[in-house]
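Here is the structure we will look at.
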Amino acid sequence: MNTGIIDLFDNHVDSIPTILPHQLATLDYLVRTIIDENRSVLLFHIMGSGKTIIALLFALVASRFKKVYILVPNINILKIFNYNMGVAMNLFNDEFIAENIFIHSTTSFYSLNYNDNVINYNGLSRYNNSIFIVDEAHNIFGNNTGELMTVIKNKNKIPFLLLSGSPITNTPNTLGHIIDLMSEETIDFGEIISRGKKVIQTLLNERGVNVLKDLLKGRISYYEMPDKDLPTIRYHGRKFLDTRVVYCHMSKLQERDYMITRRQLCYHEMFDKNMYNVSMAVLGQLNLMNNLDTLFQEQDKELYPNLKINNGVLYGEELVTLNISSKFKYFINRIQTLNGKHFIYFSNSTYGGLVIKYIMLSNGYSEYNGSQGTNPHMINGKPKTFAIVTSKMKSSLEDLLDVYNSPENDDGSQLMFLFSSNIMSESYTLKEVRHIWFMTIPDTFSQYNQILGRSIRKFSYADISEPVNVYLLAAVYSDFNDEVTSLNDYTQDELINVLPFDIKKLLYLKFKTKETNRIYSILQEMSETYSLPPHPSIVKVLLGELVRQFFYNNSRIKYNDSKLLKMVTSVIKNKEDARNYIDDIVNGHFFVSNKVFDKSLLYKYENDIITVPFRLSYEPFVWGVNFRKEYNVVSSP
């Protein structure tokens, strides 16, 4: 990171369309390392720090020299990248070749390069002399995309820009794959990773640390956004190691079926979906629960004396008394007195959405654009609503988030409760969330932070004085009240094995956190800083940001203003060239955001430079384009 660029900014205004100083400083590093030196880089910037914009700005610079391929995990994130590409282009202030930038989801990229599940090696020559940018790089390994990336690296000898806020997920294996992809050497995983009997005992050994430092020296960019401008987090529940957890004591009904599942069906309970399910809610016989297609065809099937299912619809008093779910019993009782929007995480792949829907409806909460709840709770004369996001509804997620994040919904009056599975763990931003709930304990520390990071991030809150409440719910036995104060108390298997599933998962999470933090610390130490004049390829981009910052505070100045000239000559040393640049931005009516006039253009008026406000106006319905037909029909009124 080029700290010399950061030093050019004083009291940077972040509330307008802008490129942050650390983003420009990182862009300088990427251009020098990837384009000039043809070396790969791991952009390890903690969530919420704006690494997407950095990557897209870099793609615009690189497009002048090479083709750039950007891979993203899924179609929804592809839409986010396409939108952000428009933002990046508007802020770029320099030439680029858009035709040289290709953005693919991993699925479409797989289809492009495989024939009948076999890599089309003849087609890989198209990637010669190109650059690859991989979003959420920690997720591409262990599947065909990871294999394809390795083949392209070995065949085409091209550099990669890998984006990640989480380089280690369940084990250090992921980090090993990243090292392998970024370096010119083949990694022997057996030499760098120590393995115990359990996953939590898989560690990067000292040899691995040395390999990491040797092979990735000069290839790491680490950045963590300062905590300023963020609301405080208020964790609820009882103290549990270094956090707080809400103990939700199971009823006799839930505990009975929970124990049947644990003792008889789960030989590897830490990874068994049934334990995820019964820890959130029990629904009777597991053989039925694991065959939902069959269950949904049942007519008035009794699951419990006070709970039945009919054609996929749950009904009965149990949805209100909630003996089937200690977590939802706590949740429903608690939300009645809370104000603001809620984000609720769950990862129950089999019947999570089914349970959530009918518990919410039965307790007076209405489905967004769906069924109305029984005796509905109201806000501003409208029903309080909920929505459930799963991988099956990807096509409508963007529209749903537009509603959830809209200023009109800051109080939750349009959509109050957003339930989501793992699909929301990455690349999405939620605004004005005041309550974050974990119905399922995340698998890793990285995933936990990703979920929090959807909401608690810069620019997500207008009022940061009000705290964000976090509830980490754990289903526990009716008589369980253990104080968990130290990991050292749970080093023996016999002590861990008797714990409730959620408590074991929390301990697993904390064991892994120690290893994750160790690797984060190593990466932070390896991230290099330097102070140099800006790279020639980003001079205009940097100047554009300096100009935006200058004219935010200045509505009218003399054409020969010494402060403006001093600012420009801090980048362009030649005064004549600096004056020519000022002529160009004024005559080209450079776009700025001014604190008095808001959106404005620069104009010369007599001997002054002035900011002239503008707005776009148009006649409604001048053109209508029907994209639903096989051909476009253009009509005018």
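In case you wondered, yes, glycine gets a Cβ from its N, Cα and C as well.
Annotation comment: Swiss-Prot describes 32-185 as domain 'Helicase ATP-binding', evidence class sequence analysis. The average pLDDT the prediction assigns to the domain 'Helicase ATP-binding' (32-185) is 87.
The number of other CB atoms found within 10 A of the CB of Gly50 (ATP binding site), across every protein chain shown, is 21. Annotated ATP binding site per Swiss-Prot: His45, Ile46, Met47, Gly48, Ser49, Gly50, Lys51, Thr52, in sequence order, evidence recorded as sequence analysis.
With DSSP states grouped into helix (H, G, I), strand (E, B) and coil, the motif 'DEXH box' (135-138) comes out at 2 helix, 0 strand, 2 coil. According to Swiss-Prot, the feature motif 'DEXH box' maps to 135-138.
What Swiss-Prot records for 327-507 is domain 'Helicase C-terminal', and it gives sequence analysis as the kind of evidence.
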Neighbourhood of Ile46 (ATP binding site) by C-beta distance under 8 A, where only residues 6 or more apart in the same chain count: Gly165, Tyr223, Glu224, Met225
Assigned element (helix, strand, coil) containing Thr52 (ATP binding site), judged by DSSP: helix
Cβ neighbour count within 10 Å of Ser49 (ATP binding site): 22
For Met47 (ATP binding site), nearby residues of its own chain (Cβ under 8 Å, 6 or more apart in sequence): Gly165, Asn449, Gln450, Gly453, Arg457
Cβ contacts of Lys51 (ATP binding site) (under 8 Å, same chain, 6 or more positions away): Leu43, His45, Leu163, Gly165
Packing count at Gly48 (ATP binding site) (other Cβ atoms within 10 Å of its Cβ): 21
Cβ-centroid neighbourhood (8 Å) of the ATP site, His45, Ile46, Met47, Gly48, Ser49, Gly50, Lys51, Thr52 excluded: Gly165, Tyr223, Met225
